[in-house]
Amino acid sequence: MEYSRPQYGRKRMSLGNIIGDPFALATTSIATLAWLISFVATIIAHIQYPVKFPLFAYWALVFYFGLIIGVFVVVASDSTQTYHVALVGYLGCGLVLSTSSVNNLIHDNQGAKEASAAGFILLSMVTIVWIFYFGSAPSAVPRAYIDSFALAKESTSTNRQTMTGGYGGRRPETSTSVQPPQMYTAQLNGLENPSPVGGMTSAMTNPTIPPAYTAPPTQKTAAPNAENPNAEIVPPTEYPYRAKAIYSYEANPEDANEISFSKHEILEVSDVSGRWWQARKESGETGIAPSNYLILL
């Protein structure tokens, strides 16, 4: 059995994804500052009190160093939807490490240890916020509200992202999915028995009975687009809905019906039923867009 394999491409990092997103800029800045406070205070506390110092705090600092870098890279490369599950798992581990470090440092009446504990408390607070953000669906009201403050930024992916993750399979060609159903008529010459006995139908057992209904002979009617199956979809004239793009999308160059759009771009939508919506951009360009990349306003 053959399966269609999705195409993967490396997304280029852009510092604008951090600067243009107030939430990402604020949380990463606070986390970095808290880590620096804990790092410096931990070294000072270890030098002043080397005997009873909890060395466990060093492992927490190393773990959070990689965790903050990972969050920065994921947000900068606009790959949140791809790695959000892994991020939530690592953030959960980091929350355990930071709270344990606070418990080991805050009870001593020593300035350096208390400063280190304060830094770990800030890290714990940022971690809780990150878990809520990355663990929520993009359509969740709190996350959609936070994302609404981010500037529009387009992801520059070298390969087109497939739709297998959202619906479990590839989308059929849209050029043949809108053809009207073909109509067929059959001529009835008499009453027929679907279960003949002895190979004889009801019409043969009593030939004197005239047929109850005889339909006029008709011909098979072909669909209007049967001669040209690759015809493009005719766009509608009314677009009563408005939707906001929660991810960037690059149209398939082999399908003329799809349109590309950037993250946070506003689109007009004519119909919200189905997996693909007929949409129109502000520039007037029309086409179909994946519904799981959009959120209604």
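Even glycines carry a Cβ here, placed using N, Cα and C.
Annotated domain 'SH3' per Swiss-Prot: 238-297, in sequence order, evidence recorded as sequence analysis. Per Swiss-Prot, topological domain 'Cytoplasmic' is recorded for 1-23, 76-81, 136-297, and the stated evidence type is sequence analysis. The annotation topological domain 'Extracellular' is assigned in Swiss-Prot to 45-54, 103-114 on the grounds of sequence analysis. Feature annotation from Swiss-Prot assigns transmembrane segment to 24-44, 55-75, 82-102, 115-135; the stated evidence is sequence analysis.
Sequence-distant neighbours of the topological domain 'Extracellular' (103-114) (same chain, 6+ residues past either end, Cβ-Cβ under 8 Å): 41-42, 44-45, 48-49, 52-54, 56-57, 120. Taken residue by residue, the topological domain 'Cytoplasmic' (76-81) breaks down under DSSP into 3 helix, 0 strand, 3 coil. As a summary of secondary structure, the topological domain 'Extracellular' (45-54) carries 4 helix, 0 strand, 6 coil according to DSSP.
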